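Taken verbatim from TrEMBL:
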type: MOD_RES; residues: 47; note: N6-(pyridoxal phosphate)lysine
type: ACT_SITE; residues: 47; note: active site, proton acceptor
type: BINDING; residues: 145, 320; note: substrate binding site
type: DOMAIN; residues: 246-377; note: domain 'Alanine racemase C-terminal'
type: ACT_SITE; residues: 267; note: active site, proton acceptor
Ligand SMILES: *Cc1c(COP(=O)(O)O)cnc(C)c1O
């Protein structure tokens, strides 16, 4: 089936352009890698199609710069990734779905075993094979999503009858509050992880996501698993973002029009012109990942775009296919029909937009651009 995305159309037929820079992803990996000691491996979380950037481009860039271990969420992502990086180690964070082990073995993919049931199923497989088959074991240190409870972990890991020949290739846990380093939960999880995995120090251990990498060596153990920071996101809320931007969204101006003082703009008439305004209507909306929650009302400002260095605040509601921007103070020559406006990128940080939308930049990135022209290269 040919979808609109499968065809590549002339650029000027698209409402907008999504540019992704795989080299910037590699640069970000090298920066994170440099923050860890020589005994720590820097892996990459590349789930959700590389946080929306496209794993077919992100994975080769990461592999070429030295990354050898990748974490995806679900088996389908792993099977697709195996074709892209044949020599990499691939872990599936969601673990072993029922009756899927043959696929894991056929594609050389490792589950992150997140429950006793999964561990038992995998250990049974190892017994049948008469050898250990690579898989990670996830222990819950407080987030209460996936992972064996500490009691299950302690009991299972010392039960030779249960494990058979199985020996985990990795023991991992996940931080609940990494984005706020001062949260006491971080230290508690760190101490707990250190204690509970202590008896298994011969097995590689991993606790840190992006925030964990930036929080310092205590959190690094044998492997770190950054995701958002690789894609230019802001892992730690309170600090300046040290990462290089990876994605840029530009939307095209369709029309520029005058709005008389007192008139309203957009669906729901939620925003009133307080003075005579000039607005630009651009061809991007929530169907393109421009989250509707970043809309503007008379009570509460929304997000913004950037045109030639000028800030253009969103006016009224973001609709499915378009956004209206306040360009009253933007010079006329920048407002050509068809001109591009940056809606996210080096000048419009996803984390800043996310603050207006009461979300995090992860949601912006993973929502982006199924209808835009996709271009891979520098963001200039
Ligand atoms: C998504 C994920 C990561 C990466 O997290 P970031 O915050 O994006 O760095 C690491 N570990 C697990 C278990 C995850 O689910």
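The backbone N, Cα and C atoms fix where each Cβ goes, and this holds for glycine too.
Those TrEMBL annotations? Automatic predictions, nothing curated.
Here the features listed in TrEMBL are placed on the structure.
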residue	record	Cβ neighbours (10 Å)
47	N6-(pyridoxal phosphate)lysine	21
145	substrate binding site	9
267	active site, proton acceptor	13
320	substrate binding site	11
Measuring Cα to Cα, how many Å separate residue 47 (N6-(pyridoxal phosphate)lysine) from residue 320 (substrate binding site)?
26
According to DSSP, folded down to helix, strand and coil, what is residue 320 (substrate binding site)?
coil
Average the per-residue pLDDT over the domain 'Alanine racemase C-terminal' (246-377) and send me the rounded value.
96
So, by DSSP, how many helix, strand and coil residues make up the domain 'Alanine racemase C-terminal' (246-377)?
26 helix, 46 strand, 60 coil
